[in-house]
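Below: one structure, written as structure tokens.
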Amino acid sequence: MNSPGYCLLSLDGGGVRGLATLFVLQKIMNKLNYDREQVGLAHVKPCHVFDIMAGTSTGGLIAIMLGRLEMSVDECITEYTTLMKDVFSKNKFSSPVGILGGVKSRFSSDALSEAISGVLKRMDVPVDQKFRVDAQPTCKVFVCAMMQKVGIVTRLRSYRVPEGNDQDPTILEAALATSAAPTYFSKVKIEGSSYIDGALGANNPTEQLEDEANDILCSRKNDLTQRVACFLSIGTGRMDLNSVSDRGILRLVEALKKEATETERTHASVLRRWHTPGQESRYFRFNVEQGLNEVKLAEFNKRDTIQAGAFAYLLRHDVRDRLQSCVEHLMTRQLPVRPS
């Protein structure tokens, strides 16, 4: 790295609406690579640009594909679309409530496992490959899952941390754990502990990423804002109850309403910390605000609707200005490009 400043990427959860995240990131990467080309620099993938990626739920799946499997955004869109279709086109159970009144999964966890395994095979990655790499990766990735027994958000990492007490899942296990949304998929066991989707605790993992980056990149707390060139957070659109299909389970519906509120509250909190009077912020949040709120989490056949909403959002003048500023911050780094 020839110029100081780390680049961080945070990806929200949101089911099939994760495609909107990818369309936004595609626009950013296309603009970045165009600008690099103009000054004689090679094209890069997200794994070349971002020092740490964090994701929750389907945002975690995307972070794994982009960061750990080192896909381009175009490759990720293709694989993500295939994965969503393979998982959500399977027959679902008629009710999310079991015979004894408990919540059961609507979709087959086996189908999810098979779909993720298919992605790994197409990338020539062994299905039992560990998520954590032996050497410190250039692009670090962690995904958020919730340890069911204690109800706290846990970070499953592709890298070692000084504490040395991390779980050591496979890529498949990490992907399953971060996307094990209650009522949608079954919980996942890793080394004896049960995990569920981290969305109910950190659907917007920006604060998780901020905390992690402080721990591993900074010698002291509150130093992060001075050491980051670009902090990028991408959402999956604003959620309302139309996108929740489990209306009969009041507690879950209330939790999902809280999740939708907390996602934007997290953004507001981070924005305050990264605002310095008289200086341009290095924190950028993009979130498609219209057109996705009625797309349910499992509606894999709504790609055209998601794409139209994302493209309309990206045409807005204020969004285009912020996107240009984001790319300029990413351009402050003259990145060495590893072989593809």
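Note: Cβ is positioned from N, Cα and C throughout, glycine not excepted.
The domain 'PNPLA' annotation in TrEMBL covers 9-210. On the 0 to 100 pLDDT scale, the model's mean across the domain 'PNPLA' (9-210) is 86.
For the motif 'GXGXXG' (13-18), the list of distant contacts is 55-62, 80, 84, 88, 181, 197-199, 203, 235-237, 239, 243, 292, 295-300, 302-303, 306: same-chain residues at least six beyond its ends, Cβ to Cβ under 8 Å. Here TrEMBL flags 13-18 as motif 'GXGXXG'.
Under the heading motif 'GXSXG', TrEMBL lists 55-59. For the motif 'GXSXG' (55-59), the residues of the chain that approach it from at least six positions outside its boundaries are 10-18, 21, 80, 141, 143-144, 178-179, 181, 197-199, 202-205, 208, 236, judged by C-beta separation under 8 angstroms.
If you look up TrEMBL, you'll see Ser57 marked as active site, nucleophile. Of all Cβ atoms in the protein chains displayed, 31 besides its own lie within 10 Å of the Cβ of Ser57 (active site, nucleophile).
The annotation active site, proton acceptor is assigned in TrEMBL to Asp197.
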Helix, strand and coil residues within the motif 'GXGXXG' (13-18) as assigned by DSSP: 4 helix, 0 strand, 2 coil
